[in-house]
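What TrEMBL says about this protein:
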type: DOMAIN; residues: 335-388; note: domain 'SAM'
type: DOMAIN; residues: 395-468; note: domain 'U-box'
type: REPEAT; residues: 50-91; note: repeat 'WD'
type: REPEAT; residues: 93-134; note: repeat 'WD'
type: REPEAT; residues: 146-167; note: repeat 'WD'
type: REPEAT; residues: 235-276; note: repeat 'WD'
type: REPEAT; residues: 277-311; note: repeat 'WD'
Amino acid sequence: MATLIHTLADHSDDVNYCAFSSSCLATCSLDKTIRVYSLNNFTELPYSPLKGHTYAVHCCCFSPSGHVLASCSTDGTTMVWDSHSGRMLAVLEQPSGSPVRVCRFSPESTYLVSGAADGSVVLWNMQSLKLYRSGKVKDGSLVACAFSPNGNFFVTGSTCGDLTIWDDKMRCLYNEKAHDLGVTCCDISSQPISDGEHGFRYFQMASCGQDNQIKLWLILFADFVGAELKYKCTLNGHSAPVLACAFSYDGQMLVSGSVDKCVIIHETSTGNTLHTLSQHTRYVTTCAFAPCSPLLATGSMDKTVHIWQFDLKQPCAGEKNQNNSCYKIYQHLMYVEQRYMGLCSKHKNIDGKELLNLTKESLTAELKIESLGLRSKILQKIEELRTKTLSVSVTVPDEFLCPITRELMKDPVIAADGYSYEKEAMENWISTKRRSSPMTNLPLPSLMLTPNRTLKMAISRWLETQQK
């Protein structure tokens, strides 16, 4: 069940787009502003609204870490903001000066794409905040964009109805006529649905258009074979042009918004309609799932943004992943014991949630595992999963999460930019010859990393309270 829990009504004109980070929601409007809200209580942050564009703001998006926000406008610019302070970091001018309709960060924040009304597409280097590569579609305006999960490819959609796949060198790899009357939005699920043939990973992509349709595609990304797009099915339900679509974090749901004023939540595996939400009074222009909480935001020409919450009785994506991972470990160890230790008894069939609560005693008494070594292995793996997935299963203070990985830090270090990161993640960042701050994109005056013992102790104390 999806329940309306809050309505934001601060914009004075049509809401064009909304985007989540792990802790914030950003919205933009024809009123030339971007507004940013805390997910804790949906209050507007002190620096909001962001003002700088001279015409309507069409799109906004957070970097994967959530520390940088981008917005694009009819004024021909894409602006980059510090999402903690609201400070403007850069103004990126589309070379042609054409109105910019869409912008997206790559998964590792290496690039920012901006697509414009004249069909031009620009890849900006986020380290230097300079133009890296540019290209152009044959016909139509660019209005949609989505990156592959590995960041090596991205897809654009145009008003002439084409979906175009590009690589990070701005080479056009594939073009597909998807919607006769024009594409309005597209999104790629971050979760693979199949390894496909020869070990290639397929992902789901959704596109929607002026033809009232939502199409699901299977998209293959492989560095050495390029890209491939296969039509999967069409999702029905809307009676008018579909203006927006977005996958949930686990890829199991797809939300869409339409000129018919309705929001539909689809189950991607079956194509069934799970919910139809009809509280908006004008066209629904944007919709987005939150990455780390059971929230959905929908925006409309009625100048409002509705926040919806899903029934917490249903396990969230992170909880499912945690349970599935535990169960896979259990199955693997059972196989090892049966294969190499001559175990013949049949073990009790339990789910991931039960596994997380196993003890040495229950392993012996209930599951009849007599091998001390095997019991220790199971408990060790479960403890690793408990720690690794705490950031998903409970609300972790944001300062305990690494800005690069967004996972709970185990060995925090302070970099020269003054921010703390997971040591291994920051070392990997530096080893790829990126000498800029992951937070600000400004050059690092030094590559020295200093252990943050105070933060490490605070995380340890917090973990102890969670395990009581």
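A Cβ is built for glycine as well, from the same backbone N, Cα and C atoms used for every other residue.
Model confidence over the repeat 'WD' (146-167) is summarised by a mean pLDDT of 92. Helix first, then strand, then coil: DSSP counts for the repeat 'WD' (93-134) stand at 0 helix, 24 strand, 18 coil. Here the repeat 'WD' (50-91) is broken down by DSSP into helix, strand and coil counts: 0 helix, 24 strand, 18 coil.
With helix defined as DSSP H, G or I and strand as E or B, the repeat 'WD' (235-276) counts 0 helix, 22 strand, 20 coil.
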